[in-house]
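Student: Following this message is one structure expressed as structure tokens.
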Amino acid sequence: MTNLGLHTKLKEIKTLILKEATLEWRQKYAISGMLLYVVSTVFVCYLSFSLKRNQLTPIVWNTLYWIILLFTAVNAIAKSFSQERFGRLIYYYSLCSPQAIILSKILYNCLIMLLLSLTGFAFYAFVMGNPVGDIKLYLVSIALAAVGFASVLTLIAGIATKAENSATLMTVLSFPIILPMLLMTIKLAKNALDGLDWSVSMDEIQTLLAIDAIVVTLSYLLFPYLWKS
Amino acid sequence: MRKMWWKIASIIILLYVIVMGLMGPVPHLPIINETIRNTYFHVALWLAMTTLLFSSMIYSIAYLNKGDIKYDDRASEIAKAGIFYGILGCLTGSLWANFTWGDPWPNDPKLNGAAVGILIYLAYLLLRSSFEDEQKKARISSVYNIFAFAVFIPLIYILPRLTDSLHPGSGGNSTFGSFDLNNDMRKVFYPAIIGWILLGLWMAELRVRLKIIERSQHD
């Protein structure tokens, strides 16, 4: 019985993710807008630094990339609940379980964040130079950050859309919450930048995975209370 | 007059802590010297704050389970008392840091974590103020409160231990209790924690009662 329940739940999540993707594909302005947002932010940074580009130390290079990514993530995920009309949300809620909705949103936002951060990284490395020593570890840190940012911000977006001034609230609520994750990621990325051995970074990877696990579990448990209102 | 005993206990304990904290015997250590007395205030306030924020989270869980608005009142007011203690903890800490580390706000992961922790809870208050409807406000801010506490604990207690910190108990420094806290100090330190917690609960209780009066006047 539980096996069957799990199966239908997975199917539900799959359908919901496909629905999100179809919706995104139909109104392309959202995702293309976000891609343009990353690219133009990177370009603004490039132009602002262009006179002194070779004076950019690895620490500044790294931090700048993650700050750009932080703002991108907040902007991209903030709309994940507000994009759809209110009536349609009620329709979904009457059809599926809230757990399936939050998990599908988190997974879908993970995919979006991976797309955005990898595109951002490619373009950033292209214009700002690429001092990364261990590219594989850097990609690992990008993947961990994408998953972590998506899972934290999805629940916060759900909270913020319930309030009136949701744009400000989204930033104020999410920045302090996301900070431990951001600091860990920056540290991990710095290790990758210096090309240190993977064993040095195991601590950071484990902590990031632990924070991700806590956040996803909490979102899973708390979201049902959120959509009731 | 019922349930007065813990308020009286709080006053007596805190008087004892202040008198014994300033006059009682303490070990003489280099650099720290007499500032070790700040343990009764700074460290005890931090522990009291964590306890208050923890009980605030428990009330938020209780609200989500039972749906009674009184649990949310308690959760929010206890969180406010916790924030107040957080600010006091920062102030006493910066006083201490000024004399021992030579800088009121050294760039230390624990300090920055504490500042971010206060930001998280100020955001909680902002979230509360942005709703009109009471039940909706209570439900959504309870969700955020639980989420915030789950992030706050790693921020304060786990992350600083992984990096170098000036504080005892992190970055290879041994914990405070292991060698400095002798039995004379324990006799003041443990009551101090209880006293501060009771005082915080008292403040929260007064504000909850104020809220109940305001609500009944509205109706």
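One-based numbering along the chain as shown.
Cβ atoms here come from the backbone N, Cα and C positions, even for glycine.
TrEMBL feature annotations, pasted as is:
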type	residues	note
TRANSMEM	A:29-51	transmembrane segment
TRANSMEM	A:63-81	transmembrane segment
TRANSMEM	A:102-126	transmembrane segment
TRANSMEM	A:138-160	transmembrane segment
TRANSMEM	A:167-188	transmembrane segment
TRANSMEM	A:208-227	transmembrane segment
Student: Count the Cβ pairs between the transmembrane segment (A:138-160) and the transmembrane segment (A:29-51) that lie under 8 angstroms and are 6 or more residues apart in sequence, then report whether there are at least 3.
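Tutor: Contact absent: fewer than 3 Cβ pairs fall under 8 Å.
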Student: Report yes or no: does the transmembrane segment (A:29-51) come within contact of the transmembrane segment (A:102-126), defined as 3 or more CB pairs under 8 Å with a sequence separation of 6 or more?
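Tutor: These two stretches do touch.
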Student: Check for me, if you would, whether the transmembrane segment (A:102-126) reaches the transmembrane segment (A:167-188) - at least 3 Cβ pairs under 8 Å, residues 6 or more apart in sequence.
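Tutor: Between the transmembrane segment (A:167-188) and the transmembrane segment (A:102-126), which are separate recorded stretches, there is no contact, as judged by 3 or more close Cβ pairs.
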